[in-house]
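Each remark here refers to the structure printed beneath this line.
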Amino acid sequence: MNDNMDSDEVQQTDGSALEESTSSPNQRMTRYQILTLMSIASVNFSSMICYSILGPFFPQEAVKKGASQTVIGLIFGCYALCNLMGSLVLGKYIVQIGAKFMLISGLFVSSVCTILFGLLDKVPDGATFIILCFIIRSVDAVGFSAAMTSSFAVSAKVFPNNIATVLGSLEIFTGLGLILGPPIGGWLYQSFGYEVPFMALGCFLFLMVPFNMYILPSFAADPSKDSFFRLFTHLKIVLICFAIFTLSSGLGFLDATLSIYAIDTFDLSPGYVGLLLLGLSLPYCLASPLLGIISDRFPSTRPWFMVLGGLFTATGFWFLGPVPILQIKRSAFVIVSVNVLLVLLLLLTRSQYDTIFVSSQLWLVVFMLGIIGFSLSMTAIPTFPEILDCAYENGFEEGLSTLGLVSGLFGAVWSFGMFCGPTLGGFITQQLSFEWAASVQGGLDFLAAFFLGVYFLCQRTRQERAPQIQNERPSDEATHLLT
């Protein structure tokens, strides 16, 4: 009974708790904030672990059921497209729907779809299987977009002075879900068959529904007349969205092509390919909280984090293949790089070290994946607070409605990149090579960093000239008055 009363008090006094949190960003978190943080962390982890279990075994199962490689790619791609549309619509109407209801209903829909996906091995082969895959995957994407759009908006509302810090910390749980999903799903598939991975993780996601119904406070807000089109009238937001697009397209490109490239080029087993992908996600998870804290305490560093992160990401993709025209050979730098990488790859034996690292350029691939993972966090963490600040500076109302718009915009652009990255990257890889596809992806990251750098330099120049112009105006007015 006391717990229910405490929960009601949290919901009724969320406005006062919010005022306390905005007044002093360095004070201890309130119970209201702790409960919200626990809720969003559980949503990020459970949603991502269910999202990432398909990779290790679903493609081969789909081939057995009569699906071609093209159809399998479309099944994965439709998820991103439906996520895009869902993010835009739900972000616009988050106030009318309710942030808490949107998050909980999104979790419920995703959990049911995950369980239903585990029953698809019972349906007839061919068209029936393929159509049901598209339907369930599309509905699942809408549920996922509802949960993630609401989680971004709620995080920003509850922690208005520490947005980057909180988002960076929550990326730990996002990364853990992405890291643990494939090995857990693969182990359950090998041990118990096709159904069990989806049933187990779907039920786990379903348990998050009552958990979040209990601990997540309610949020009241008034709807706004602002729209996504008004956001896109500002050049800064457009350029940041292009940077977000390049980030997600790069991740989607690696998801679709890196494992095949590593197996064909270096003759790695699937287990070592999973270890290879850890070199991308681990630096991202570790760097995100630190970069979030720096971004909040020193907001002036955010623009240059995005620029430098984009340049480092471009460099990582260019050297990942590497670019065919570079024709990189082994050098003395290999010795240092290999010694560092062996700390992270202790599962390799001495003989494997000699045959894999010394006789090939796998060291370069792993090293560049680490750089890409770190630089992705440099670029991604400041984007949300920068878009939000730009919206507030240009007259958007401070509240849940604007937060929903920004969250929906972020999710839509990210989903569009996750669709284009595997599609275009796979096409270029098939027509030319993985090296050229990675080079094109690096070129996109460089363009995003270059455009942002030019914009921020011009903005800084205008800000430096503004005081001079203001100081000159009074003297001119005084001269006219004396005349």
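Each residue, glycine too, has its Cβ placed from N, Cα and C.
Source: prediction; values computed, not measured.
Per TrEMBL, the feature region 'Disordered' maps to 1-25.
Taken from TrEMBL, the feature compositional bias 'Acidic residues' covers 1-11.
Among the features that TrEMBL reports, compositional bias 'Polar residues' is placed at 12-25.
If one looks beyond the transmembrane segment (34-54) by at least 6 residues along the same chain, the residues whose Cβ comes under 8 Å of a Cβ in the stretch are 10, 76, 103, 107, 110-111, 114, 144, 147-148, 151, 154-155, 158, 166, 170-171, 173-174, 176-178, 180-182, 184-185, 197-198, 201-202, 204-205, 208, 211-212, 215-217. Under the heading transmembrane segment, TrEMBL lists 34-54 (among others).
Per TrEMBL, the feature domain 'Major facilitator superfamily (MFS) profile' maps to 36-462.
Sequence-remote contacts of a segment are chain residues at least 6 beyond its ends whose Cβ falls under 8 Å from one of its Cβ atoms, and for the transmembrane segment (66-89) they are 54, 58-59, 125-126, 129-130, 133-134, 137-142, 144-146, 148-149, 228, 252, 256, 407-412, 415-416, 418-419, 422-423, 426. According to TrEMBL, the transmembrane segment annotation covers 66-89 (among others).
Under the heading transmembrane segment, TrEMBL lists 101-120 (among others). For the transmembrane segment (101-120), same-chain residues at least 6 beyond its ends with a Cβ under 8 Å from one of its own Cβ atoms are 39, 43, 46-47, 50, 65, 90, 94, 129, 132-133, 136-137, 139-140, 142-151, 154, 194-199, 201-203, 205-206, 208-209, 212-213, 216.
If you look up TrEMBL, you'll see 126-147 (among others) marked as transmembrane segment.
Positions annotated as transmembrane segment by TrEMBL: 159-184 (among others).
According to TrEMBL, the transmembrane segment annotation covers 196-216 (among others). The list of residues near the transmembrane segment (196-216) in space but at least 6 beyond its ends in sequence, with Cβ under 8 angstroms from a Cβ of it, reads 7, 35-36, 38-39, 42-43, 46-47, 49-50, 53, 57, 100, 103-104, 107-108, 110-115, 117-119, 154, 181, 184-185, 188-189.
Taken from TrEMBL, the feature transmembrane segment applies to 237-263 (among others).
The transmembrane segment annotation in TrEMBL covers 269-291 (among others).
Beyond its flanks by at least six residues, the transmembrane segment (303-320) meets 240, 243, 246-247, 250, 291, 294-295, 326, 328, 364-365, 368-369, 371-372, 374-383, 386, 438-439, 441-443, 445-446, 448-450, 452-453, 456 of its own chain at Cβ-Cβ distances under 8 Å. According to TrEMBL, the feature transmembrane segment maps to 303-320 (among others).
The transmembrane segment annotation in TrEMBL covers 332-350 (among others).
Annotation comment: TrEMBL describes 362-384 (among others) as transmembrane segment.
According to TrEMBL, the feature transmembrane segment maps to 436-457 (among others).
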Counting only residues 6 or more past its boundaries, what in the same chain has a CB within less than 8 Å of a CB in the transmembrane segment (159-184)? 18, 21-22, 25, 33, 37, 40-42, 44-53, 55-56, 151-152, 197, 201, 274, 277-278, 281-282, 284-285, 288-293, 295-296, 302, 377, 381-382, 384-385, 388
So what's near the transmembrane segment (436-457) in sequence-distant terms, Cβ-Cβ under 8 Å and 6+ beyond its ends? 235-236, 239-240, 242-243, 245-247, 249-250, 253, 257, 303-304, 306-311, 313-318, 320-321, 323-324, 421, 424-426, 428-429
Counting only pairs 6 or more apart in sequence, are there at least 3 Cβ pairs under 8 Å between the transmembrane segment (237-263) and the transmembrane segment (362-384)? yes
